[in-house]
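This report concerns only the one structure given below.
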Amino acid sequence: MSEDQRVISQPIELHKLSIVDKHSQGQQQQPHQKQHEVQPESKSPRVTTPLKPKRLAIPISSPQRSTTNQSPVSDHASPISTDQDLIYKLAAKHREINELSFKLEVAQKELKQLELQFKDTLPRNGQQKLGNQNPSEYLSTFTKRIQQTFVDVNNSPNMLKGKKSINDFFSKPNNNVNSNINNTLPNRKPNPPPNRSQRMQNIAPSRSSESTPTSGPPLLPPRNTMKNANTTATAGENTPFLQRILNKFNQMNMEEDEFDDLLEKRKSKKDHYYIKENLGYEYDEVRSEDEDDEEFEPMGDIPVHLFKR
């Protein structure tokens, strides 16, 4: 043997490359493999299929209660159970109340619907009554009902309170005027009008009068004010209720008009004074279009308004 020749102790098992349908080939080789399994292992260790590794997975299981802590032993076991019973009872009562309130709301809605249906049927019954009764009798009964409702409304406590408050509101200014008059005018006779000689003495001052101050009674108001106050008081008592309301509104409107007139007068006074914006030079004056005396003539097809500024 030459030196270049390689010495092989064991033959190397090499497989030829072949492109074949391995699926069909594998199915054909399965019975042959079963037969060879009975025989002892072949010489080549590569023929044996490798073993699949076992996968260690966590088993799926549902949680369960522990029996050890299910019934703990303690001294406070009895009050806890009683508290739980009370809580359950309270919850049951609350639920019952809620259910009853819901039923009450439903019943109220049904009642309103029934009332509306009953009102819809009323005109038909009224027409039947009109056919059976005389129209004059029906009108008389209807007017009696209306009058009775008016009387009931006017005699209601809320209406009486409202009328009383409104009467007090309108009677306050009259009472104030009368109280002022009674305070300024005590129960005494009015002084007679002075004569001509007394007037002259009052006009011509003297030294004696200057040296000794006179403490005379206060001046009396004219008789016209008393008459006007008395007449307004009697007129306010005699006028009806609605007329007094209208008079009050008219008085308020008059006061608003007077206030507006005062504002307009003040504005008119302010308008007389103003700050001059221009300095008074000739170029500050604005020329109007009427001052332009020059007339433009048309130039062919061009209109005249294009030449104007």
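The backbone N, Cα and C atoms fix where each Cβ goes, and this holds for glycine too.
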For which of the residue intervals 262-285, 286-309 does Swiss-Prot record region 'Disordered'?
286-309
Hey, which of SER62, SER71 does Swiss-Prot call phosphoserine?
SER71
Which residue from SER74, SER136, SER179, SER206 is recorded in Swiss-Prot as phosphoserine?
SER74
Going by Swiss-Prot alone, which of SER101, SER165 is annotated as phosphoserine?
SER165
Tell me the Cβ neighbour count for SER165 (phosphoserine), meaning other Cβ atoms within 10 Å of its Cβ, over all protein chains shown.
9
